[in-house]
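Participant: Provided herewith is a single structure, encoded as structure tokens, for subsequent inquiry.
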Amino acid sequence: MDKAQQDALKKAAGIEAAKLVTDGMIAGLGTGSTVRFLVDELGRRVQEEGLRFTGVTTSRRTQEQAEGYGIKIVDVDDVDRIDVTIDGADEVDKNFDGIKGGGAALLWEKIVATNSDKIVWIVDESKVVDTIGAFPLPVEVIPFGAGHVIKKFEAKGYKPVLRLDADGKKVRTDENNYVVDLHLGRIDHPRELAEDLIDTVGVVEHGLFLNMVDTVIVGDPNGPRVMTNGNK
Ligand SMILES: O=C[C@H](O)[C@H](O)[C@H](O)COP(=O)(O)O
């Protein structure tokens with residue numbers, strides 16, 4: 001699949017998911033290239049159809065895009081509950097276990113997700129996999145002592161790589177932390193891995209989102225397809 005085809009599938013999933021946002025809702029808005037299409041569509045509806053909703057964003061990038069359309073954005077602590085959060089994902093399997101954080105927004109995304117009544121992911125079909133882990137697992141790490149955390153990951157065979165940007169500078173999250181990507185190849189025991197990561201001092205959060213998502217809208221060449229999680 002070339003990039004143009006992949007973008008068309010992402011866009012179709014984003015437009016489909018935008019239908020879930022209706023007047024008066026509090027909607028969580030994720031981060032990434034797929035969510036950009038979602039926010040474009042919501043912005044269009046705000047401007048052309050008078051849609052009125054309140055957004056809670058999972059990154060400064062999404063906040064800027066949404067506010068550019070006149071969408072009202074509030075802080076996560078200004079709301080009691082979020083009706084629905086729509087976000088992208090890097091991988092998802094048939095057990096609805098997924099990897100997120102390719103865009104370094106995993107921490108805010110997980111905070112927003114865990115305060116949402118419903119979680120929806122929008123992905124193109126290439127993200128639906130049998131076993132997660134081919135996509136390097138992002139882990140958000142505090143800069144102080146990050147070198148020691150990386151050495152501990154190396155000793156465990158996690159194949160960590162500190163994420164750098166195109167200019168070779170260390171990527172910083174919206175909380176000013178680093179991202180370490182674990183090149184695991186496949187993750188057969190995600191729950192054990194999640195526990196091990198979160199127990200490592202210096203780790204703030206990891207990109208394993210296990211059985212959290214309710215619905216996945218998959219951009220498919222035959223039209224958006226919906227996967228519903230019956231085990232939550
Ligand atoms: O940190 C970024 C997020 O988890 C994204 O939602 C994820 O990486 C998917 O992004 P994209 O839609 O660009 O593939």
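All residue numbers here begin at 1 and follow the chain in the order shown.
Every residue, even glycine, has its Cβ placed from backbone N, Cα and C.
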Participant: Need one residue: from Lys3, Lys127, Lys151, Lys152, the one TrEMBL lists with Thr31, Gly32, Ser33, Thr34, Asp87, Gly88, Ala89, Asp90, Lys100, Gly101, Gly102, Gly103 for substrate.
Facilitator: Lys127
Participant: Which binding-site residues out of Thr31, Ser33, Asp87, Lys100, Gly102, Lys127 lie by ligand 1, going by a Cβ under 6 Å?
Facilitator: Thr31, Ser33, Asp87, Lys100, Gly102
Participant: At the level of the C-alpha atoms, what whole-angstrom distance separates Gly102 (substrate binding site) and Glu109 (active site, proton acceptor)?
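Facilitator: About 12 Å separates the two Cα atoms.
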Participant: Within 10 Å of Glu109 (active site, proton acceptor) (Cα to Cα), which of the binding-site residues Thr31, Ser33, Asp87 do you find?
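Facilitator: Correct set: Thr31, Asp87.
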Participant: What are the sequence-distant neighbours of Thr31 (substrate binding site), meaning same chain, six or more residues apart, C-beta distance under 8 angstroms?
Facilitator: Thr57, Thr58, Ser59, Arg61, Thr62, Asp87, Gly88, Gly103, Ala105, Trp108, Glu109
Participant: Would you mind listing, in sequence order, the residues at least six apart from Lys127 (substrate binding site) in the same chain with a Cβ closer than 8 Å to its Cβ?
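Facilitator: Lys127 (substrate binding site) has long-range Cβ partners Ala89, Asp90, Glu91, Val92, Val218.
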Participant: Hey, does DSSP put Asp87 (substrate binding site) in a helix, a strand, or just coil?
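Facilitator: For Asp87 (substrate binding site) - judged by DSSP and reduced to three states - the answer is strand.
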